[in-house]
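So TrEMBL lists the following for this protein:
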type: TRANSMEM; residues: 41-60; note: transmembrane segment
type: TRANSMEM; residues: 161-180; note: transmembrane segment
type: TRANSMEM; residues: 186-204; note: transmembrane segment
type: TRANSMEM; residues: 249-272; note: transmembrane segment
type: TRANSMEM; residues: 284-309; note: transmembrane segment
Amino acid sequence: MLPCNRVLLDSTKSINSEDHCGSRGMTSFMSQSGINQLNNFIFVLAVMQIVYSVVTMALGRAKMKRWKRWEDETKTIEYMAANDPNRFRFTRETTFGRRHMNKFTNTSSLLWIKCFLRQFFHSVAKTDYLTLRHGFITAHLPSTNALNFQKYIERSLEDDFKVVVGISPFMWLIVVIFLLVDVHGWNIYLWVSFLPLITVLVIGTKLETIVAQMALQLENQENVIIGSPLVQPNDSLFWFNQPQFVLTLLHYTLFINAFELAFFIWVTWQFGISSCYHEHVEIIVVRVVLALMVQVLCSYITLPLYALVTQMGSHFKSALLEEHITQAIKHWHTEVKRKKKNKLQGLESSVATTQITSPEIKLSASAHEIQEISEESPKVNIVHQNESQIGVD
């Protein structure tokens, strides 16, 4: 189960008899040297996860800068004239139709092959952005067309970044498994380095397929359309009817990729470039090249596709509301809960006081004081009975 075929003499250290366990005649489960190595590895992995996430988001948003020009174009007279709601057109003659409706979409296998190749060349076209924007606004905000869809996507990505940058307990379990199966001769890290690449390519193909399927659904519904092509957002287009599952896959892909590079840096830092971990230089080169390739693909292809296509679910995200509106709603909700809790506590204290005293309370206050008590405790019904007694219901 050793990761190397030889043991470095300088890395083997005797057990320190002066440590806590040695002084009691026992052996430590993990030596001090092992604990230091583990701390260094956790630090490097955490740093690489943050760096990978930040670089991916930064490069992806740089790629999406042109979306701002497309968004500004929706406010021009030329755009409104081209998308006149009274204009009749054949579905296949629209720009969106010509892009997605052709002989390569006749079968599912041809569709996937076409979408696999398309992600490398002009993965998000202007007509895709404008058509999906129109479908989103019509489905969720039919009474207005003033939504800045590009700003909404940016806020949505900011929320997703908070998820991607973290490391869950299950991810740490994956790290432990990888370390355990790192046996000499298995070259496990070489095969693991292909997982992020395969996952990114599959995700990109799936997202391209979703856009093509919405176009084909549009063609099946009607051959002639009025105005702009109107796609129908639906969760059924995504894996397991969960658009959020795509983010989970991206999260684990970035983490495994960060683990690959972090492990290389940690081994070089801890044991040196000439250690037995680096006995096969060609494997190291392949792993580093694959890690960089995944970084580029995920930033410039997969992330922009994810940001746009995952908005086509049945429900919109909380980022649709402006930040200050969201904060105001959260503050209002907190205040309502606090007031409700205070009222319940006041009612409980009133009931407890009533149970301790006699069920009948002698009249020892004026009518004005009784009225004040009734106003302060609206949940207690005070009923005047005969003469000088008050019954508490």
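Yeah, the Cβs are placed from backbone N, Cα and C, and that goes for glycine too.
Owing to the predicted nature of the structure, the values given are computational and were not obtained by experimental measurement.
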Any chance you could find the range in 41-60, 161-180, 249-272, 284-309 with the most Cβ pairs under 8 Å to the transmembrane segment (186-204)?
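The stretch I would name here is 284-309.
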If you count every Cβ pair below 8 Å, which range out of 41-60, 161-180, 284-309 shares the most with the transmembrane segment (249-272)?
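Ranking 41-60, 161-180, 284-309 by Cβ pairs under 8 Å to the transmembrane segment (249-272) puts 41-60 first.
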Cβ under 8 Å, sequence separation of at least 6 from the ends of the transmembrane segment (161-180): give me the contacting residues as numbers and ranges.
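Beyond its ends, the transmembrane segment (161-180) has Cβ neighbours at 1, 45-46, 49-50, 53-54, 56-57, 188-189, 192, 247, 250-252, 254-256, 259.
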